[in-house]
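What TrEMBL records for this protein:
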- C:1-71: domain 'Glycine transporter' (DOMAIN)
- C:84-157: domain 'Glycine transporter' (DOMAIN)
- C:25-44: transmembrane segment (TRANSMEM)
- C:56-75: transmembrane segment (TRANSMEM)
- C:81-99: transmembrane segment (TRANSMEM)
- C:145-178: transmembrane segment (TRANSMEM)
Amino acid sequence: MLGVFFFAVSGSLLAARKRFDIVASLILASLTGLGGGVVRDVIIGAHPPAAFAQPLYFLPPVIAVVLVFFFFNGVTRFRKTLLLSDAGGLGMFCVAGTVKAIDFGVNPLSAALLGVTTAVGGGLLRDVVANVVPSILRQDDIYALPALIGAGLTALLVQFGLFNAVTAVLAALLTITLRALSIKFRWHLPLATPHSQAPGD
Amino acid sequence: MLGVFFFAVSGSLLAARKRFDIVASLILASLTGLGGGVVRDVIIGAHPPAAFAQPLYFLPPVIAVVLVFFFFNGVTRFRKTLLLSDAGGLGMFCVAGTVKAIDFGVNPLSAALLGVTTAVGGGLLRDVVANVVPSILRQDDIYALPALIGAGLTALLVQFGLFNAVTAVLAALLTITLRALSIKFRWHLPLATPHSQAPGD
Amino acid sequence: MLGVFFFAVSGSLLAARKRFDIVASLILASLTGLGGGVVRDVIIGAHPPAAFAQPLYFLPPVIAVVLVFFFFNGVTRFRKTLLLSDAGGLGMFCVAGTVKAIDFGVNPLSAALLGVTTAVGGGLLRDVVANVVPSILRQDDIYALPALIGAGLTALLVQFGLFNAVTAVLAALLTITLRALSIKFRWHLPLATPHSQAPGD
């Protein structure tokens, strides 16, 4: 729920920056907080998805919208807090998403990819719907890779019977730490091609 | 079917405005008319979705494409008619979408949200695919809220055993009326934040 | 697998052109190569979708990303090869997609539409996620129609008990040929409307 909330805040903040109204804010907050899990559940065949099976999941987006409405300036001032909170959501979602996929009989590698989908899918939907280039594609730091590492580690732990509350927290913390370090030290990945772009191509 | 048709016309009109060809027109018309229902059915696990179970559903988009091709100027002249027709689709879809979700065992609150998804999802897909900011986010009037009220009322009616042909029509009419009034009087909702945007943020 | 690869290359090339990094390249390559099939499987209720049931499907996108990283200039020089390869993917996917939908009990007309979805869905997702107007909408030549003809022929062949390895290849070749001819002779379809756009509309 905490992960949903922090993701939802980023959706609502995008609505505020774009001068959308409060219903648009609620739509973007819900998409960001719950979209990744819904996409995972639709792919593995969990009907209805968790967000629709348990309506309490829509409470964090509502709270996020209210907070952004009343405290927008305050929220943006805590930019570092927000980035860290988002990293927290990333860590929790990639572990939980991988485990749920394995529970539904998906093989470990695909389960890890679905864990990443859970973690980054909400932010992707937020940006696609708001018609901006997704931040996951234009990151100046590393975003999806820590989630992939956390999800891959989770799949390995389950595979070798070592997954429990402690190792789950460790996998999430690893993701969060890698993400935080990548923000602090502005880690970059190589571009899709090191060659410069041919003009007019 | 009538709701599908009116939504499809808006998809085809967007294709005309963007100078796309007739196949693109058919793609956007189908997405707008049928996309919301397909998303709902994929979420609740209705396989195949209604649009694919009954191919007749693709007839309204085809008619819309033909009409826009031959009568584009005429169609746009009837801007008010179009807005009202779209409101009609909104009213019918939010009621029917909510009822189908409840039939599939979804709880009332989530069913109402899926009713809204059915009503607004097609237009959202149309705009996302055509790469424009979704009209549901940039509305200068109120669009999603009347659908939410109609869907919520439908869920309550079913919950209390009062849902029948008459109350269904009343719920749809309430949505249509609220939407029509919001167009006429240019009702606004508050922005996601009342604070002005911090520069450079 | 070959079709997945050629589609994946186009996703990775888009990432290179947009100056995205290698993880973004992998995301776009996977979406392009596998997205159409995942959408089809989610619609017909094949859980998990083929791409997640068999992790080998993610190998072609990985190879595409590596190739584009090391040989970007070389890849773009073979523009005609690429267009033809993409046509090959289109032909294979529209036949295979239609057959899988029929196997899941979908009626022939809807199955053909799902075959087209399989063939064009990946490229559509690639463009939507990268925030560009989908090439399927802004084609200066004919793209979706050859897929629709190949998918429709496949559905008819199955319907009349004439579908086998030979006729499957013929249906794919028909699609590829029509697509290749449309590139060579710059075939156009009529616009969504022949009327010029009303100013300010």
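FYI, residue positions are counted from 1 along the chain as it appears here.
The backbone N, Cα and C atoms fix where each Cβ goes, glycine too.
Please treat TrEMBL annotations as automatic predictions, because they have not gone through curation.
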Positions whose Cβ lies under 8 angstroms from the transmembrane segment (C:81-99), at least six residues beyond its ends: 2-4, 6-7, 9-10, 13, 36-37, 40, 75, 111-112, 114-120, 122, 143, 146-148, 150-151, 154-155, 158, 163, 168, 171-176, 179-180, 183
Long-range neighbours of the transmembrane segment (C:25-44), counting only residues six or more past its ends (CB under 8 A): 3-5, 7-12, 14-16, 50-52, 57-58, 60-62, 64-65, 68-69, 93, 97, 100-101, 104, 106, 114, 117-126, 129-130
Helix, strand and coil counts within the domain 'Glycine transporter' (C:84-157) (DSSP): 60 helix, 0 strand, 14 coil
Within the domain 'Glycine transporter' (C:1-71), residues counted as helix, strand or coil by DSSP: 60 helix, 1 strand, 10 coil
Model confidence over the domain 'Glycine transporter' (C:84-157) (mean pLDDT, whole number): 93
